[in-house]
Amino acid sequence: QDFVLLDSHNSETAFLDNLKKRFTEDLIYTYVGILLISVNPCKELDIYTKKQMDLYMGVNFFELPPHIYALADNVYHTMLSEASNHFILISGESGAGKTEASKKILQYYAVSCPSSTLLDTVRDCMLMFNPGPAPIGSGPNDNSSRFGKYMDIQFDCQGDAVGGHILSYLLEKSRVVHQNHGERNFHIFYQLVEGGEEDQLRHLGLEKDTQHYSYLVQGECSNVSSINDKNDWKTVKNALSVIDFDASDTEHLFGIIASVLHLGNVHFDGDTKGYAILNSNAALRWLLGIHVQVLHEALTFRKIEAKSEEVLSPFTVDLAICARDALAKAIYGRAFTWLVNRINESLENKVREQQKNFEQFCINYCNEKLQQLFIQFTLKSEQEEYEAEGIGVKKHRGIISVLNEECMRPGDATDLTFLEKLEEKMGNHPHFLTHKLADKKTRKSLERGDFRLLHYAGEVTYCIVGFIDKNNDLLYKNIKDVMRLSKNPIIQECFPATEGDSRRRPETVATQFKNSLLRLTEILTAKEAWYVRCLKSNDNKQSGKFDEVLVRHQVKYLGLMEHLRVRRAGFAYRRRYEVFLQRYKALCPATWPHWRGVPAEGVEKLVQHLGYKPDEYKMDRTKIFIRYARTLFATEDAFEICKHELGKQQRIQKRHLIFFSFYYKHLDRRAWAVKIIKQFIKGYITRREAKTTDNSEYLAFVRQSYLNRLKDNLPKTVLDKTTWLTPPPVMTETSEILRQLNTRMMVRKYVQGITPQKKAQLQQKVVTSAIFKGNKDSYPSSIAVSFVDTRINEQDINMRILQTIRHERIKYSVPVVKYDRNGFKSRPRQLVLTQAAVYLVEEAKIKQRVDYVSLKGASVSNLGDSVMILHVALNDPKQKGDLVLQCDHLFEALTKLAMIANKQNNIKVVQGSIKFEIQAGKEGGVDFSTAQEPMIFKGKNGHLMVVSDYFSISA
C-alpha cells in the first residue's frame, strides 16, 4: 500500500512490479508517504460510492487502503486543525486521469463538507467548470484540456465553503485557426453546430454541418466516436445556467463563437499588384453587429504612421490571412478570459508523438516549474519533519528572455534569427541542442529549423517555425478600433476603449504566460503541498493493460523513485502515538488492555518490550518514527499472532458466558411466561370492557397485530373495495380513518402518474359515462376502447373542403353512413366537426353545414345499434332537416360533439322510436328493435327500421 515500506526501495523493477500487481487487482491507488499515485484503469470502478465516501470521512490517513478520498479528507481536516492553507497538485500526462481525479476530490468535498446553499453553488460551479469552459478550452480529443487551470475553494474556520476562484493560463489560441491532422478544434464549435436548435442556428447564420467551416475541417477529425456533441451541448447550456447566465448573456456568447466560424470562412484573392481583396462579403454580415464595409476595410488595410499622420496601407493576401486569424484568436481568447472572470464572480467569497510547437514549449515550461516546486516542497516537508538537507534552484536567463528580446529588437526578426540567437546564448548548455551544435549521428534526427531540450520528462524536439509570430500575437490597431464598434456587450468588455497606451508595445504571449505562472507559483508557495501523481497505464485506453515501458517512463520523469528515496533516507514509517498504541497495545502486558498514562510513555514501554534497537526508531513530539520497514513488518507479524491468541481466549470465555446466561435466563423466562399468559387470558376476557390495567396490554397487542397484518395486505388499486381487513372492535374507528387515508393516497398517486394524454382520455370517458351509463345496452362494452383524436387525417379530406373551412379549426372527423330523409337510401359520407359547426361532406362537396347554435341536440336508442339522429333547428322551409347517421364509433363521435359544441345535456337516449324532421312541418321516424341478425331497412309503415343483435359493441 505504501512504497516507503518496500524492502527493495532503490529498485525501479521492484517499484514497477508492486505497481503492476496492485493494478491487476484493480488497486489503482498507492502511497509514497502522503503522496498518492493513481494509475488510470481505463474503466469504471465501483470505489466512488456514497458508502465509500462515508468510510473515509474523518479516518486516519493510513488506516484504510489508499484512496483519493483519504487524501482529500486528510487535506481538509489538516487545514481545519492547523488553520493553514493547503493545495493539491494533480499532475501527469494527457490521458492519465488528472481531470477525473479533480472531479473525485470536488465530489467528495460536496458530500463530506457541511452542507449549505453557498457550498452547493461552489460545488456546482467547480464541477461544471469542466463541461462549461472546458468545451471552450478543450481539444483535440475527448478529454484533453488545452489550458492550465488552478481551482481554489475557500473555507471558513467552521469548515464551510464560502467561495472559490479559478486561475487559467495558456489557452492554446492557435488551435482556433489551425489543427494538426487527427485533432479537433475546441469542442464548443462542434457542439454549437451539431446541437444547436434550428431557430438558433438560423439566427446565428450557421448550418448544421461542420464541413462548411474552414476552422473545423483542417484536422479531418470533426466526428469522434467517443464524443456526443448533441448531448454535450445540453450540458454546456446547463453549466451556463449554474453560473447565472441569462438568455441575453448566452445569446451574446454563442454569437461570438459563431462569429469566429464565419471569420474563418472569409477568403481573400489577390489583385494585379498582389494586394488582398474580398470578392464576397457574405460571411462578414454575421460578425458581431459591425458594418460590413468597416470590417472589409479592417481586414484588407492597416493603419501606419506616415509624415505624422495615419494612412491606410493595403495588406498582401498573406498578411490579410494573418490579420484575419489574429482577430479570430483575439476574439476567442478574450471571450474565454471574460468567461473565466464571470465564473469567478459567481464563486466569489461573499462572506501521439509530433514535433512540438510554441504552445507545447510553454506547457513544458510550466511543467518544469511545477516539478521544481514539487522537489522543493518534498525536501522542505521532509526537513520540517526530521531535518533533512535542502537543495536550492539555480536561476539564469533562458529561452523566453531570448525570444522576447528578438521579438522586440528593431529590424526584421525571424524564426531563424531567433534560432541563431539561441545557439549563441545557449550553445554551451548541456540540455540544449540544435542541428548546428549536434554531432553527425544526432544531426540525422534534427531538422535545420529544430532545437532540442532535455526536460525532466526526457528529450523534446521543437520546430522553430511560428515562434516569433505566435509570441507577438499582435492585433493591428485599426482592427481593435473596429471591434469596439460591435453591438455585442461581451465584445465591448473584451476590447475596452481604455486598453492601454497604443504607443506602448503589448506584452508577448510568453511573458503573459510566464507572469500568470509566477502568480500561480506565488499562490502555491504560500500553501502546504499535497500531491496526486497520475499515471497512464497504456496509450490505447485499453482496460486491464499495463504497459511497463510507458509506466516506467512516467515513473522516471515524475521523480517518483527520487521522492521515495528522500522519504526512505529518513524513516520509512511514522504514526501518531495514540494510533500506534491503540493498534499494538496487546503486545505488551504493561499497555494491555488499557494504558492510563501519557501515550508517548506507553509507546516507549511497548517498543522496549518488543526489543526495538535505538537506531530503529525515534520518538518525536507527537509521533514515533520507524526507520526500517522490516521492523514494522516484524511488529505486525507479532500483532497477528497475538490477535489469534486473544481470539481463542475470547471464544472460550464467550462459551462459558453463554452457558451460564442460558441457564439463568431459562429459569427467569419460565416465571415471565406464566405471568404473561395469565395477563393475556384476563385481557381477552375483558376485551370489550373499558380500558383497565388487566386488558390494556392485550388491547395494545390486538392493535399492533391488526396494524401489522393490515400493512402487508393493503389494497393495491383504488377500485379494490373488498380486501381491506375487517378490524377488531377496538380498531373500528381507526381502521376507517386509515382506509380513507389509504384511498386518498392511492388516488393522489394515480392522479400524479396521469399523462396529459391520459387525462384528456379520462375527461372524455367521464362525459361518455354521464350520457350513456345505464341508458344504452352497448355502453359497457365501449369502456375499455380508447378514443382517438380523429378517425380521418386531414390529408384524406379533399383539398377544396379544407380551403372552404380553413378559417375553422378541424377538431374531429369520422366516416359515417347517411340515410336519405326520403326513402332512406344509404350514402357514405365524412362527418367533420370544427370549432364552429358540423359538416357532412361528400368527397369535394359540403352536403350540409349545421352551426352549433342551430344544433338542437342528438338522439340514440337504448339498444346496441350505432344509429344517431342530429336534430337541427328549422327556421326556413327550404332548410335541410335532421341528419340520420350510422357511425361505427358512436360513443366517441357523440362525446366529441358534446364537448366541442357544449351539448352534454342535449344528447338523449330513447326507447322504441325516434321522430325526426324531414323539413319544416314534415316528420319521419326511426324504429328500434332487437333480433339475432342486425339489419337496417325501410319498413312498411314508412319508417326506418333499425334491428340490432343482442351483443352489439360500439366504440
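Keep in mind that glycine also has a Cβ here, set from the backbone N, Cα and C atoms.
What TrEMBL records for 1-640 is domain 'Myosin motor'.
Summarising the annotation, TrEMBL assigns ATP binding site to Gly92, Glu93, Ser94, Gly95, Ala96, Gly97, Lys98, Thr99. Every protein chain shown contributes to the tally, and the Cβ of Gly95 (ATP binding site) ends up with 20 other Cβ atoms within 10 Å.
Positions annotated as region 'Actin-binding' by TrEMBL: 517-539. When pLDDT values are averaged over the region 'Actin-binding' (517-539), the model yields 80.
For 776-950, the entry in TrEMBL reads domain 'TH1'.
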**Report entry** Neighbours of Gly92, Glu93, Ser94, Gly95, Ala96, Gly97, Lys98, Thr99 excl. site residues, C-beta within 8 Å of centre, ATP
**Finding:** Asn40, Cys534, Lys536
Query raised in the report: Within 10 Å of the Cβ of Glu93 (ATP binding site), how many other Cβ atoms are there?
Result: 16
Report task. Report the member of Ser94, Thr99 (the binding-site residues) whose C-beta atom has the most other C-beta atoms within 10 angstroms. Result -> Thr99
Query raised in the report: Out of Gly92, Gly97, which of the binding-site residues has the smallest number of neighbouring Cβ atoms within 10 Å?
Result: Gly92
Report summary line: In all the protein chains shown, the tally of other Cβ atoms within 10 Å of the Cβ of Ala96 (ATP binding site) is 21
Report task. Helix, strand, coil: count each for the residues of the region 'Actin-binding' (517-539), based on DSSP. Result -> 9 helix, 9 strand, 5 coil
Query raised in the report: In sequence order, which same-chain residues at least six apart have a C-beta under 8 angstroms from Lys98 (ATP binding site)?
Result: Ile90, Ser91, Gly92, Cys534
